[in-house]
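*Asks:* So that we are looking at the same thing, I have put the structure below in structure tokens.
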Amino acid sequence: MSIRFIIGRAGAGKTRACLEAIRKELLARPYGPPLILLVPEQATFQIEYALAATPGLSGFIRARVLSFRRLAYRVLREVGGAARAHIGELGKRMVLRRLLEQRRSELRVLGRSSGRPGFADTLARTLGEMKTYCIGPDELARAAFDLREKGGAALLADKLEDLAKLCFDLEDYLAGRFTDPDDYLNLLADCLELSAEVRGTEVWVDGFSGFTPQEYRVLAALARTASRVNITLCADPAALSGKIDETSLFFPVRETYDRLLKMALQERIPLERPLILGGNTARFKSPAISHLEKYFFVRPAPPCLNCSEGVVLAAAANPKAEAEGVAREITALCRDRGYRYRDIVILLRDVDSYAGLISSIFADHGIPVFIDQKRPVMHHPMVELVRSALEAVTEDWAFDPVFRYLKTDLVPLSREEVDLLENYVLAHGIRGSRWTDGRPWEYRRELTLEEDPGLNGSESVELEKVNRIRHQATADLLEFCRSFMQAKNVREMSTALFNLLTGLKVPEQLESWSRQAEKEGRLEAAREHSLVWSGFTALLDQVVEALGDEVLEPGEYAAVIDAGLESLRLGLIPPGLDQVLVASLERSRNPEMRAAFVMGVNDGVLPARTFDQGIFSDLERERLKAAGLELAPGGRRKFFEEQYLVYIALTRSSERIYLSYPLADGEGRALMPSPIVARVKELLPDVEERVWPVEPNAALLDDLEFVTGPRRTLSYLASQMREFKAGRRIDPLWWDVYSWFAAGEMREHCKRVLSGLFHSNREDRLPPAVSMALYGRPLRASVSGLEKFRACPFAHFLSYGLKLKERAIFKLDAPDLGRFFHAALKLFGDRVREQGLDWGQLDREQCQEMAGEVVDLLAPRLSSEILLSTARRRYLTGKLRRTVQRAALVLAEHSRRSKFRPVGLELSFGPDGDLPAPVFTLADGSEMAVSGRIDRIEAAPSDEGVYLRIIDFKSGKVTVKLTDIYHGLKLQLLAYLDVALEHARTLTGGNGLPGAVLYFRIDDPLVNTDGPVPPGEEVEREILKKLRMTGLVLADPKAVRLMDAGLDGISDLIPVQIKADGSFAARSAVLTREQFALLRSYLRFQLASAGSEIIGGTVEIAPYRKGRYRSCQSCPFRPVCQFDLLVDGNVYRSIKDEDEGAIWSKLGRMCRKGWGQ
């Protein structure tokens, strides 16, 4: 037994010396005693591959490349101790959560933090650290007692006592039941000398800068058992003797060396003469890299003149541009310099911040890459299936979890069937017992509030299909729900969850996905599909082992599983042999790399400045060390250890190293380069500096550098063609690139990509045959549809031509409320008529009583009983009742003060309507029939005939402007008036005269007051003012007084003000009889003109802008039309409020010319 040190700086050939010694043994004696190479866990695959690639060595059985943990497993399996079930990290965290909950009231410090997210993980790491540093509960309790005796550290003593209690509890829980993985190395140290496999073997220990107390115990046992233990130390041999400063680069290694010497002395293990590897010729072929290795941490240091070959500093605009630059450089190295992808490594201080960018960008460049990090699984469909199934049964079958479950592609339904079911459930607000009661669904979304006429044939077929899909979708989930909710403990809950997955044949589906991914060359995805099932079953095993007999609420169990899945990571090995390796600086132990890219060399990132302190602060760690309890280094010590990571970064490659840094983060915030950059410039004054632009830029980089993989080059080509199209000069190289694509296999793809350069987002006219098929002849149109056409022809085409609709959602929106108010006021009016009452004679009590009856009758009919579905919506029913009561009161007040009485309520016109449809002859000679529904027509007799006024109910504030009528945006009131006047004799028996077109606002407004609450009459008067109708009124005092008999000054009812001399004030919205006639004539022209354009195929994307309003604001079709002001051809039609006199002049001229004849 003996120990030999192999000492040398980075690049001196320590790993090579270990591998060569093992290779020599394997070639000399293939069947001799075992040879063990101990390396960090993350390096096992790379080192084993390097060993297997030995020329002349077709295979080996003697050599073992192991980590400490894997060595423990092998030895315990040999000598005993591996049979007892082990509790994994996830299981231990679950146990700790339970123990924390039970002990919370007794814990002085940790109890206050026990409910904080992630605290159980922090606690588990701290207890693991205690085990690693061989500190048990007795030592913790003793240290707490000593600190209290000395005084001044009460908080630290409380922490130690809390940890001691939890440590005792954890050990009691695990005793005789489980093996804690944190105890593996202690168990290994205790029984290593019993192992026949290790006894007499030679061991090499490589790649470690330091060891934990547990690992020191294992090394001592190895030294006693093996024939020789070779330990490599990465340090300058001179640093291992004499005094050395704590801030020195090799101080941590010196501490390790001193401790190993002390261990050998205590164990009486002989020390062999160390193997000192001097010089840098073993690895570095670049003098510049060799100079950095030797002098980077030496001050003062001589600069290396004219020897910067192999070192590049690169700045990029942001991390994306940086990743693009790295991809281009890698392509150039492999294409022009004969590198293989496996010769290249990308080193990162924080892999997570770059992993996504590198994956997507390298795929575009066609560069195979392996990112050395354990993959989270939360994105995987199987994990989503588990989480959503648990969430569905614990959250009363809410919409989101149920359909997340169904959309995993692991439930036996097609996506089309899931979509159909989703639309139905969204439309009817189905959740809870309506999923589980077994009764067939027969909900329908009613478009009216009339009596239910029953199911028609197509509705019956659709409901039958929906119910069939529902049964197929929920059969397994219902069975899981039943067994899960009846489970008596965690074991039975886990069994129910496992049965759900096996019932759905999830393992078989994952295997199928894995095979398919492998066929498509997606090797990492294939491996991930294979591992996720074993990872999940291992998690379930740990849950059962740790909490099997515990009784948890369903929500608590779901939280345990969710936490376990969130911390579950899949460790993948490189699926290919020729890939770029992406690794963390802390995990990088890769031999023989020719080129290294160190990304993210920014201030505060490399070297890092902030560290997770865990439960103990740096000061507390120092106090514990003084008290004899040594823990892992604190933040201060870690900051010095960052120097060693910088040293690793600078010395990983033999030929080339690229240090790159973004100048801003992804959100544009400025970033500074790391001090490393300035230091490299000091040592290498001639170092090559580059700027990696986002797009080709000849001033910064040769355009040829951007010609990489076909996919990425094509996107660069598109950007250059855009520059050329804009009139700017581009490098002739891009025409050669274009020719290559145009003549090759990717010409169709190239054509599609470049077609976007000429995209104008314009719509051509529809061919006559298409227009005929969509709209038919005669054209049937509604007034609101023609208004929509004037607002935007394309929106009209989508809505009335293609009949696109937003999918129905179970919610109470403005159209629903509008339908409700219209139906309520019609029913109210019908009851007034049926009971022989006059609107003007209705008192407050009658209005309130009748309105309440009407609302109670209609509420269950609205959108599948939506008003009865929740307490909030039932409260809303009361608000609707008050609003309808207020509308009835205001209408009654109108009747008391006017001579106008209703002659039509919710009166329809058009085919099958109450009144015939107005028919217009269009430009091509065909006809258009216009339909609509008039909310309320009122009439008042006069000497000249019968005045008619149109009232349109609105739940919001609406006004009428002549500009809107002129541009065809608001035609409904005039169209309704025109229809009423055309059929006045049918409605009234007399000659119809235009009286007014008005909007009636349905609301129950609040009255603001600065002082005491005013009397009731004053409040009612203020409410009347707030609900004053808007619109246009005949400029005839007689007609006006028929609408407001007591009018004196400003009317509370209509938009009119009469001055003292009897004339109308300027603020009055009045029109003469001639103006009404002119507008009626213009209305017919507008409707016929719009109809002619529709059948002529006009579908242009032409929304309008008026002031701050854009017609796109409330349009549901924006994702379809993709209107964008930045795209050629997309511009708003600007509509301005013109002077009314100017508009009347235009209308007069148009009328005299025959409306455009």
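Glycine too: its Cβ is placed from the backbone N, Cα and C atoms.
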*Asks:* According to Swiss-Prot, Cys1112, Cys1115, Cys1121 bind [4Fe-4S] cluster; which one of Cys792, Cys847, Cys1151 is listed for that same site?
*Replies:* Cys792
*Asks:* Compute the C-alpha separation of Ala10 (ATP binding site) from Cys1112 ([4Fe-4S] cluster binding site), stating it in Å without decimals.
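*Replies:* Cα-Cα, rounded: 64 Å.
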*Asks:* Here's one to test understanding: among the binding-site residues Cys792, Cys1112, Cys1121, whose C-alpha is closest in space to the C-alpha of Gly13 (ATP binding site)?
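*Replies:* Checking each of Cys792, Cys1112, Cys1121 against Gly13 (ATP binding site), the shortest Cα distance is to Cys1121.
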*Asks:* Does Cys1112 ([4Fe-4S] cluster binding site) have same-chain partners at least 6 apart in sequence with Cβ under 8 Å from its own Cβ, and which are they?
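*Replies:* Cys792, Pro1103, Arg1118, Phe1123 - these are the non-local Cβ neighbours of Cys1112 ([4Fe-4S] cluster binding site), listed in sequence order.
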*Asks:* Cα-Cα separation of Lys14 (ATP binding site) and Cys1121 ([4Fe-4S] cluster binding site), in Å?
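*Replies:* So the Cα of Cys1121 ([4Fe-4S] cluster binding site) lies 65 Å away from that of Lys14 (ATP binding site).
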*Asks:* For the [4Fe-4S] cluster site given as Cys792, Cys1112, Cys1115, Cys1121, which other residues of the same chain have their Cβ within 8 Å of the site's Cβ centre?
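*Replies:* Along the chain, the qualifying residues are Phe794, Ala795, Ile1101, Pro1103, Ser1111, Phe1117, Arg1118, Phe1123.
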*Asks:* Just name the most isolated of the binding-site residues Gly8, Gly11, Gly13, going by other Cβ atoms within 10 Å of its Cβ.
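*Replies:* Per-residue Cβ counts within 10 Å for the binding-site residues Gly8, Gly11, Gly13 bottom out at Gly13.
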*Asks:* Starting from each candidate's C-beta and looking 10 angstroms out, tell me which of the binding-site residues Ala10, Ala12, Cys1115, Cys1121 has the most other C-beta atoms.
*Replies:* Ala12
*Asks:* Work out the three-state DSSP category of Gly8 (ATP binding site).
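*Replies:* In three-state terms, Gly8 (ATP binding site) counts as strand.
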*Asks:* Can you count the other CB atoms that lie within 10 A of the CB of Lys14 (ATP binding site)?
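*Replies:* Lys14 (ATP binding site): 26 neighbouring Cβ atoms within 10 Å.
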*Asks:* What's the CA-CA gap between Cys1115 ([4Fe-4S] cluster binding site) and Gly8 (ATP binding site) in angstrom, rounded?
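*Replies:* The Cα atom of Cys1115 ([4Fe-4S] cluster binding site) is 71 Å away from the Cα atom of Gly8 (ATP binding site).
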*Asks:* Round to the nearest Å and give the CA-to-CA distance linking Cys1121 ([4Fe-4S] cluster binding site) with Thr15 (ATP binding site).
*Replies:* 63
